[in-house]
Every structure is written in structure tokens, then in C-alpha cells.
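In what follows, a structure is listed as C-alpha cells, so that the remarks can point back to it.
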Amino acid sequence: MVKKILLINGPNLNSLGTREPEKYGTTTLKDIEQAAIEQAKAKGSEMAVYQNNTEGFIVDRIHEAKKQGVEYILINAGAYTHTSVAIRDALSAVAIPFIEIHITNVHSREEFRHKSYLSDTAVAVICGLGVYGYTAAIDFALNK
């Protein structure tokens, strides 16, 4: 069983709860992070959480994860999903299995959201399940 998981949230996810609630709901990022920590703890695992709006800081945190012995990464890269070769390369460099998460169904949204730079290297992609996608990703990772 996986003992160390890192949950990364990218740009604008710090605004969950107030940002376009018709798309993203009213659950805050703090609520998601607290639930994630509790879910992992209930299974005897450790959950670290991180959010940043800046691409380079996200890349740095992914590199740190390797040094810290993180065994699984869960990432909602937000808009960087569709633009960031740097985040893709960082995930490939550390070779930590990861799950890509999106609250909305990105395939039913604007065309530019249909391309992910992460999906083809992810263990799984979860989208369109609302914030439950985080719960599902954690459950999957904990049972690896």
C-alpha cells in the first residue's frame, strides 16, 4: 500500500468555492485538502497538499517529491494541463506514478481544453466527477 501521496493543485484552484460555482461547485480547496488528508490518514498513509498559481513552483514541488519519498502524485494542473511541457517533463523526470484530476469534464468544454500534456503519461485521468474525483483518485492510489 502507498504510504506517501502528494496532492498538487494548480492555478486558480485556490478560488474554488467562489469561482464559477455552476461549474466547480461550492466546495473550497481547503475543504478538499482537509478531506484528502483525513482519507489518507484513515488508511495509515500520509497526504501532503500543495497549491500554486506559478508553473515553476509546481515544477519545483514535483522535484521535491522525489527527494521526500513520495510514492504517488495526484495533480489537478488546472490550465497548465493544456500548456505545460515543463510540468509534463518534471513528472516524467521524477518517475512517480500520477493521476490527472479535473473537476469538470474538460472534453465537453472549449476545444483548447481537450488537449492534455499529461494524460498520455498518467496512470489514470479522472474528469467530470466534481470534487468526488479527488476522493476516487485517493482511493485508487491508496490501494496500489
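In case you wondered, yes, glycine gets a Cβ from its N, Cα and C as well.
According to Swiss-Prot, the feature site 'Transition state stabilizer' maps to Arg19, an assignment based on sequence analysis. In the three-state DSSP scheme, Arg19 (site 'Transition state stabilizer') is classed as coil. Counting only same-chain residues six or more apart in sequence, the Cβ atoms lying under 8 angstroms from the Cβ of Arg19 (site 'Transition state stabilizer') belong to Asn12.
Following the DSSP three-state reduction, the secondary structure of Tyr24 (active site, proton acceptor) is helix. Among the features that Swiss-Prot reports, active site, proton acceptor is placed at Tyr24, with the record citing sequence analysis.
DSSP gives Asp89 (substrate binding site) a helix state. The Cβ of Asp89 (substrate binding site) lies under 8 Å from the Cβ of no residue that is in the same chain and 6 or more residues away along the sequence. Feature annotation from Swiss-Prot assigns substrate binding site to Asn76, His82, Asp89, Ile103, Thr104, Arg113; the stated evidence is sequence analysis.
Taking a C-beta cut-off of under 8 angstroms and a sequence separation of 6 or more, His102 (active site, proton donor) has the following same-chain neighbours: Asn76, Thr81, Val125, Ile126, Cys127, Gly128, Gly133. Here Swiss-Prot flags His102 as active site, proton donor, drawing on sequence analysis.
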Rounded to a whole number, how many Å is the Cα of Ile103 (substrate binding site) away from the Cα of Tyr24 (active site, proton acceptor)?
6
